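What follows is a single structure, written as structure tokens, with notes after it.
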């Protein structure tokens, strides 16, 4: 613990050097990915066959008229309404820079570096830094960045090329929050907690207090703040850019509104304690900024709705079978169970897979189903967290609420509350919410160590040990999961064996075994696929120009039966002869 405290003090003193160390640590976790150079699943559709990416001529009109997968958004054809032109544009840049021959490797290198580029956004310790003010010191923000960087649920986002949308949305979204907080909602910084750990006998009287903010805005933050309402332009444009990378980025409009609300409530409480009336020169700028934010949000949402033609998409039962369930109670209970599954992936991502469809997550039809204990624990955990946040000192309370807002608001589009999502469970959907989760965990640890809930140094040291033990299993799980994504064959075999009740994983597993001529295992996988989804056309849909998979399966079964009969006959002849 003393070593951790010393390292944290060094991070506070040399934040940029510490940032480089953290980035190298995260890069080491994904080092095997630098040798990967293939397309996996939807990468071929979203990148290799996307006319906006590999077309001979690039047209801005075509970029705006097609969805993320290169399909026309308007017309009678199928489209999932995923409008992410900025992400598609980065794919196009990769194609122009590296050409078709090196594009898979170049994409993977760019993807991994994007993951690392997100971390400075969480760690910048000067003017434009919402997280650094959220957590107080560079060491606190670095802890959150390290926690975020080694979280195993991010492996799909980093190694699945089409998930670049989530990474870009997170980068631009955090930039927007940083710039807004720097200009308008700068809180008092937290006192460094690591001095308490190095000198616990002298820290008791100081815990729970914050230092005075003697700093002033400077640089770009001061310039933007001096513009008044015009200072809203950069953060609003960054949020819009985040949403044009991934739809969940648009939800970040809610976080600055919460910042303004918390600041207004704090000012109102201070004026009430001093028997003063809140001056008009204070609350009028707040009211103006809130009005402009609300107006910007409405304009952006209406514009996107009109451009994409709504949010309804033509899904199949294989994508999200819960949305096709006619029983309202079963549908709601199943969606609630998914909330518990997402919470488990955030808190303890021990089990990871690229697909959770069909029987992988069976429908919940009764209130007595024991699986409902998982969402119940998730809801109770959230409510308990809110209760703890309310009990925190004002400075910690504000930080924790903003972190929770980042978690909840960005998860909302994946919650199936407003509209059904095109997948049952997608680990990639947790990229932005996990940033809020990591920040909330470090804020809670900061409050704990500074005496919001404890007063003895032994408990503080135990909390640090607990935090180190929590990150240990996460770090050990990242590297094996990175190896799972080495290629399509490796991923299909590992996840197919890990997820036997998903029709998609078993279908891909059967195809992989067939390509390696393991026909017995291929037949078993296809049988599991049919049992998981009897109505699915997957087993009969895979065919080449000369070979029909149904004929191959029947032939394999006949051959196996004949071989068994021959072996039995030979054994009988030998026994009778003896």
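The backbone N, Cα and C atoms fix where each Cβ goes, and this holds for glycine too.
If you look up TrEMBL, you'll see 314-382 marked as domain 'DUF1736'.
Residues annotated as repeat 'TPR' in TrEMBL: 503-536. Averaged across the repeat 'TPR' (503-536), pLDDT for the predicted model comes to 85.
Sequence annotations record features per position, and here TrEMBL assigns transmembrane segment to 16-36 (among others).
Here TrEMBL flags 95-116 (among others) as transmembrane segment.
If you look up TrEMBL, you'll see 128-151 (among others) marked as transmembrane segment.
Summarising the annotation, TrEMBL assigns transmembrane segment to 157-177 (among others).
Taken from TrEMBL, the feature transmembrane segment covers 220-244 (among others).
Sequence-remote contacts of a segment are chain residues at least 6 beyond its ends whose Cβ falls under 8 Å from one of its Cβ atoms, and for the transmembrane segment (250-270) they are 173, 176-177, 180-181, 184-185, 235, 239-240, 242-243, 278, 282-283, 286, 289-290, 293-294, 296-297, 300-301, 304, 394, 398, 401-402, 405-406, 409-410, 412-413. What TrEMBL records for 250-270 (among others) is transmembrane segment.
The transmembrane segment annotation in TrEMBL covers 290-307 (among others).
Taken from TrEMBL, the feature transmembrane segment applies to 372-390 (among others).
Remote same-chain partners of the transmembrane segment (402-423), defined as residues 6 or more beyond its termini with a Cβ less than 8 Å from a stretch Cβ, comprise 80, 130, 134, 173, 177, 247-248, 251-252, 254-255, 258-259, 262, 311-313, 315, 319-320, 322-323, 335, 338-339, 342, 356-357, 385-386, 389, 429-430, 432-437, 439-440, 443. As annotated by TrEMBL, transmembrane segment applies to 402-423 (among others).
The feature transmembrane segment is assigned by TrEMBL to 429-449 (among others).
Per TrEMBL, the feature transmembrane segment maps to 549-576 (among others).
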With DSSP as the reference, give the number of residues of the domain 'DUF1736' (314-382) in helix, strand and coil.
40 helix, 0 strand, 29 coil
